[in-house]
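Enquirer: According to Swiss-Prot, the protein has these features:
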type	residues	note
BINDING	G154, E155, S156, G157, A158, G159, K160, T161	ATP binding site
COILED	1180-1224	coiled coil
COMPBIAS	1112-1139	compositional bias 'Low complexity'
COMPBIAS	1253-1281	compositional bias 'Low complexity'
DOMAIN	843-872	domain 'IQ 1'
DOMAIN	866-895	domain 'IQ 2'
DOMAIN	940-969	domain 'IQ 3'
DOMAIN	1427-1695	domain 'Dilute'
REGION	690-712	region 'Actin-binding'
REGION	1070-1176	region 'Disordered'
REGION	1218-1282	region 'Disordered'
REGION	1312-1343	region 'Disordered'
Amino acid sequence: MMIDNNCGKEKVWVPNPEKGWINGDLIKEIPGEGWLVRDENGKEIKIEKDELRMQNPVIQEGIDDMTSLSHLHEAAVIHNLIKRYEINSIYTYTGSILIAINPYTKLPIYSKEMIESFCDQPVSKLAPHVYSIAESAYREMLNFQKNQSILVSGESGAGKTETTKFLLQYFAAMGEKGNGVNTSLISEEDIVEGNNIETQVIKSTPILEAFGNSKTLRNDNSSRFGKFIEIHFDKIKGTIVGAKLETYLLEKSRIVKPPENERGYHIFYQLIKGFNNSCCLKNSSNNNKDEDSSSSSNNNIDDLKSLLKCKASDFNYLISSGCDSIDGVDDSQVFIKTENALKVMGLSNDELIGIYKILLSILHIGNIEFEKGKEEDSSIIKYGNSSFGESFSDDDAGGYNPLEISCKLLGCSVDSLKSTFCSRKMKAGNESYTINHTVEQASQARDSLSMFLYSRLFDWLVVRINQSIDKIGTEKKDNSFLFIGILDIYGFESFESNSYEQFTINYANEKLQNQFNHQIFKLEQLEYEKEKIDWSYIEFSDNQECIDLIEKKPLGILSILDEESQFPKSTPSTLCTKLYNNHSKSKNFEKPRFSQTHFIIDHYAGKVEYDTNLFLEKNKDFIISEQVSALESSNWKFLTNLFQILSKKMNGGGGTSGGGGAGGNKASSSAAGKSTFKFTSVSSQFKESLNSLMTTINSTNPHYIRCIKPNTEKRANLFDNVMVLHQLRCSGVIEQLRISRSGYPSRLVYDNFIKRYKLIVAKDFKNDDDSNESKEWNSILKETDLNSSNGGTNNQIELKRKGAELMINKLSIDISSVQFGLTKLFFKSGIIANLELLRSQTMINSATFIQKIWRGYTDRKAYTSTKHSSIYFQSLIRSYLQQLEYNSMVEENSAIHLQSLIRTNELEKQFNQLLSTTIHFQSLLRRLEDSKEFNTLMDRIKKIVKIQSLWRSNLAKKQLKLLKAEAKSLTNVVAEKNKLASKLGDIQSKLDMESQLAQKIKNENEQLSSQFSNIQIEKEKLQKDFGNINLEKEELLLKYSALESEYHQYKQQNELIISKLKQHINDLEEKQHQHSYKNNEVVGNTSFEGSTTTNNGVTSPPKSSPASPIRNSINSNSDTTISGSSDDSIDNTDSLILSPKQHKGEDRKRNHEISSISPPRSRETIGHDDDDNNVDVIPRRQFNELEKEYKELKQMDETHKQYIESLKLQITQLEEKVKKSSSHPRSLLPGIPSNINDSPKVVYTKSSITNDNSSSHHQQQQQQHNISPSNSITSTTSPINMMDSNIKSLSYKDFTNSQEIDAQQQLHQYHLNNGTNPATSTTNGSGNPLSQSSPTGSDKHIQQSTISDLVSALNFNNCQLESGKYLVDLIIKNHDSIVSKYVPSEMGGIPEPAFILSRCFLKNIYDVDATVIGTPNSTNSGGGSGTGVLDPIETNVNILIYFCDKVEEVIYRDPKSNCSALCYWFSNFYTLFNIMETYNQDTKDQLSLNDQDKALIEKLKITLQTMIVKAHKNVVKNITDYIQPILHKSLNDTTSEIDFMDPITNYLNQIQISLSLENCYINNNLCKLLFEQLFSFINAMIFNEILLRKDLCCLRSSIPIKMNISELEHWVKLHHGKEWSSSVCDKLRLLKEVVYILMIDKTQLQNDELRDEICPTLSIAQLKQLLTMYSPDVDSFEDPIPLEILTSLMDSPKYNPDENILLDLSKIFTLKFINSNQTLSSSTSSENDLMATINLNALESVQYACDDLVSNIVKKNIEIVSLNNQKSIKK
């Protein structure tokens, strides 16, 4: 298959003078002349074959690397840039060059998310960007430990400065990463600029622009110097350690002779117009008010006040060019920015004044004029009638004298400086003589001084900037750091009139281009060598000849120029003549036809014609030693210091490169001894500076950025083709394309080549299926399909290479146009385009063939259908005709049959009529005969009837007679009947009366039964009330008995305590007199050997009679008397009553059922109730007895109520007496407060007494004896134990161990743990899970220290602060063993540190009664020697804040802390905060705090909030540090498919376990929030990667990503409910939309409705970026995204060009607090969702074993007490 490069009608590019290139169609070939082409305007043009420019295939439209274009030429390049610029893709690669087109608008592609996306990514994976070049330079610097350089070039206004800023921004972010900062999770406000070197470099930009930029014909802010910024990095970490700025090639001639219609440097114009607003003037006015202000400073200001009234037209240097302003620029406002930048760099007011004075002196020096002197060839200074300085002439009586003003400003002698202008000294041997200057030479000496001053000032500013940004010093450059240099230099220039400036600029660009060509050749060579292809015959162009033409000695242009500059009588003509004579034969040098002062140089970017009229003047840079001496002898300290600083820098090799930044002059006063007049040409300085720059660049690995200016109007979306094409030529881009085109610019890996173009040769192999070649091809295809990646083993690559060779042979491609590398195919320019045409044509042919087959199939199917329809239609017609014939025959037969029927009918009618007539006649005859016979018979019958009637009448008369005789005998019978009826009525009335009576009796019986039932119910109710009354009465009696018994016991114990206290105090006083140091032993012996005897706290109540316990108890209670009249009998009795507030938790915790005891039934008065329903009428006697018994019960109830009221009254009186007399005995105890409220209290609560029918009297006695359940003690300790808190200076352990109460505690806990009824056993409700015993309530058991003991231990001796901190240290010290340790509770697991701290300290803040108050004999809480009472709130707050600080110091700063540990401490702070919030809510109406206490509590709350945020950040950092590398590795691994699901879900399982409610007390909503944030982070990371990477933005990558997303969603649904799965999975919606878009037809997105339905979350800007980056798969038949779709998206009203298309990772993990009354919340949850529910009662009821902590705290307290006693004894 032979490829014809021009097969078919192809699209070509036609040159156009206005647009550069336009579209054209190739019509036909004209033999011997070329090709005939028709352009887009319809004009036909003949183009030679060599000039033909073919268009590239559609798939390469808007490609991001133009070296991949099949046809490499200017037209293709400019078209590609236009297409990319239309969609705001301003960056494009051309090989290793990055082309950056200035968009003249702000684009959202420079965010920190974009920086994060480019970090650690290869250039080939991401779209072109300035960050990509920066990343490449940064990674190569660290990986190869070699310095890098980035060369940024372009015209003025092309964006070089902005590009430099973006490079510095990226390097700063990399420096932050080197310090371990995750830049993706920190906002821009969080980045600290303390060591932000790049920010300081950027801030120096206004200074350099003011002193080094000027207005030119093509740019209002053209940089007239080059700068090289070195960013210094640490070799290992990659952090920024410093920076350095070097300047090159300052255009000094612009100071004295700006070109026509251009300006000098901006600073002159800014100073004149903006000095009125200078900060120096404001500061001077303030200094005048200060008596100590120096007079010299005021004199300096006075010298500058002349600036207030001058203008640019007053100075020769500023007005000579005819331009002194810029349209749209206010120089006065720019001056303020410049001055602020100088202040930022650290310049003082005196230094600012010094700068202004030098600038003003330069302007006045420029106003010095000369005239001829009296002697020949002499000159003198012209005084009076000056052409300049009109604003100054009025002030001076003698007229304006610029020389005098200049000398005054510089502090120099007028005579010494004057002589340097008009004459010079020459030495000949030992003699010296003076030579006068001509007027022209005097002007040159004047200008030389001005340029010298300005260049030195510029160099000094650079030195000062370096002092500000160079943190480590240049002396360590070779050893301690690496650097990346950024070169910002003006690009190639070519105007209608080109002078000396353009010559030097183009010379510099020629050198840079030469270095660039060698670098490109080197890169190409490395690529070819890597792939091992034959490249020896490839020729690369070189511009060395042009460089030799300019700089080669002795006959180079620069050498001839310097030679001519030293001859006084040289002219431009003589200069050009020498050039013509020496270089006329050079191919890079031409002589113009019509000019003798011009010459042409053929540069790499094209030919440039130079005008030499000002070459000689601008090349001269005389340095007169007398001028230097005059300046150095100045009495102005600033000027002399300036020269000294520069001299040190130059002698030390620092500063600008070779001093060439502003001229490189090293002359000083020492030069006066050798030569009084030294000539140094600008060109030689320029050459030296350039060579130094090239040496620096050559020592680095260079990278290139070419900035392009799209139009001169500085408008967005305006592209000037011709202007851009010119810049491409000047920037070397076209040259680079030419170099690439000379080699093999098109490259494809074997796998991609086979996949994309296999369909072209598929037909050839298919035609010969049996050949070995076809079999080999099929095996290659299988291997290619199995290995989708570009890599593989060597055998696989070799197999693919064979496949590529087979394809090349089948395609008949010239073997000289192809090179087979190790992994790639290399093609000459145009081959890929032809392959694309063939592929397109093959696809078209295949589509045509498929259409042909399909159309044949459809037509054949239609024909068959038509044929079948026709046959069927014919059959229908035939059937219809046959049916018609059949119907006709049927009708004929029917007619014949009908006729026969009609005839038959007529004959039948006739026969029937005759028959009926005959029959009728016969009937008439027969009737006549019968009538006669009937009449005869009737006459006979009448006669018979008459005879019979006569006979019957005779018989009736006889019977009547007999009846009349019988009637007379029936009258008597009737009378008897009437009598019987009367008797029957009487009997019936009697029966009715008896029935009514029976009914009445029955009704009365029913009423009595109803009354009996009601009375029975009332009886049962009264019996129940009677039982309750008896129970209450008995409980009151038991309570009174217990109170009385406890009083006597307590009185005995108090007496025992007082005696021991007195004995102990006596011992202490005796030992203090002896100056003994054994107080610790005394305290210890007292603590642990004190009163240990325990009396039963409650006596048994009186035993009741077994016959009738209820009535006996009532009788006994009625006979009981209540004593208590004396004060002794009621002393301290109220100490036995426990306050409800102290045991609020126990009362709420235990709700015992109260079972009533019913009295025995009276069997005498009440019959068998079960038989009542069987009795019809209740006997009256039983009813009366029942009514009587009811009255008795009612009366008994009233009696019991009165008795109970009397008992209550007596108990109340007893309690009042106890309260009145409670203070007397306690005041006798030394060291114990007399306030009885501080003592411990005990209360006995009512509990149930169960009395079943099966219970025995022995059980009742045992219940009463054990006090429980009838008298449950809710206190956890005995009164003696509680009193220990008031005698802290003596001991820690209780004076007595209440064995009775401890046994009850254990027994109650036993029943709680075993699920038995606590009402039938003993309990005290302490809730201690460790104090368990058998139900028998044994007194012997082992007691363990609980949290209550720990609280008491902490309060020991009022050393709470010091012992509390010691407790915190113990917790933190054992943090490894304490991690994942939780205290079980009914709310869930509570972290142990949070539980201990909340019970020991946090509770004390909100519990005033439990707060420890210092006693007069106690020390302060810290164990120090303070006196007075210390605020307990402050003590507890300080301990908790100390805990926060220790955790942050030990845990959070430990790099070894894993996620589980961090989650554990996160749960601690979260739990503490929620407990504190619950306390705030519960006690806000009860506590009355002063302002100081409120401030302390608020401080603690803020500290906890801060720690929660820090804990959250640490957890997030640990999570992201694990997940982020996994995602990066999965997305970047080319050897396998994307798979990040397994490692992430495994890690999520760990997080879920660490934060689950089963393990720690973390609110479920907080866990949900964390997972939502985590999934948002995954969504944002992958989304940002897809949006910027071509290898991910394709169909092939979208499938595995979708699978991983589905797996993640499945994991969430599997481990959490619907609420979690819906909200958490919703965080991946943006990623799911992107994946879906990658899979569908992209043309659907043009429709607004479909687009909103497909991707409702995705913004238009993000969608446009996604489609811009999308590239079809190599073997896909899909076309690239049409640019029309992208432009339509950009035209949408919803499109926001300033939108940040990437998701901000720093705003995902947010956790904030709403206000003081609300809890944690975030951007994704409501205000109260994150608040955990805390049950304070449940929390306080939990007892936890802490023996070790108690033991350690006790030991610590003993040490503190001992130390304090020693201190007190010493005092």
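Yeah, the Cβs are placed from backbone N, Cα and C, and that goes for glycine too.
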Enquirer: Sequence-remote contacts (6 or more beyond its ends) of the region 'Actin-binding' (690-712), Cβ cut-off under 8 Å?
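Expert: Residues packing against the region 'Actin-binding' (690-712) from afar: 81, 85, 96-102, 104, 130, 133, 136-137, 140-141, 144, 146-160, 163, 218, 226, 228, 248-249, 485, 487, 491, 507-508, 511-512, 515-516, 519, 657-658, 660, 718-720, 723-724, 727-728, 731-733.
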Enquirer: Work out, from DSSP, the number of helix, strand and coil residues along the domain 'IQ 1' (843-872).
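Expert: DSSP composition of the domain 'IQ 1' (843-872): 30 helix, 0 strand, 0 coil.
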Enquirer: Which chain neighbours of the ATP site, leaving out G154, E155, S156, G157, A158, G159, K160, T161, have a Cβ atom within 8 Å of the mean position of the site's Cβ atoms?
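Expert: Counting only non-site residues, the set is N102, N219, G491, C707, K709.
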Enquirer: Take the Cβ of G157 (ATP binding site) and count every other Cβ within 10 Å, whichever protein chain it belongs to.
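Expert: Taking every protein chain into account, the count is 19.
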Enquirer: CB neighbours of A158 (ATP binding site) within 10 A?
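Expert: If we count other Cβ atoms within 10 Å of A158 (ATP binding site), we arrive at 24.
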Enquirer: So how many other Cβ atoms are close to T161 (ATP binding site), meaning within 10 Å of its Cβ?
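Expert: Other Cβ atoms within 10 Å of T161 (ATP binding site): 20.
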Enquirer: Using DSSP, tally how many residues of the region 'Actin-binding' (690-712) sit in helix, strand and coil.
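Expert: Residue counts for the region 'Actin-binding' (690-712) by secondary structure: 9 helix, 8 strand, 6 coil.
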Enquirer: Quick check on the domain 'IQ 3' (940-969): DSSP residue counts for helix, strand, coil, in that order please.
Expert: 30 helix, 0 strand, 0 coil
Enquirer: Which of G154, G159 has the fewest nearby Cβ atoms, counting only those within 10 Å, among these binding-site residues?
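Expert: Result for the binding-site residues G154, G159: minimum number of other Cβ atoms within 10 Å at G159.
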Enquirer: Averaging the per-residue pLDDT over the domain 'IQ 3' (940-969), what integer do you get?
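Expert: PLDDT averaged over the stretch: 81.
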Enquirer: Neighbour count, 10 Å Cβ-Cβ cut-off, for S156 (ATP binding site): what number do you get?
Expert: 22
Enquirer: Check K160 (ATP binding site) against DSSP and tell me helix, strand or coil, would you?
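Expert: DSSP assigns K160 (ATP binding site) to helix.
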Enquirer: Using DSSP and three states only, what is E155 (ATP binding site)?
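Expert: Its secondary structure by DSSP: coil.
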Enquirer: K160 (ATP binding site) has how many other Cβ neighbours within 10 Å of its own Cβ?
Expert: 26
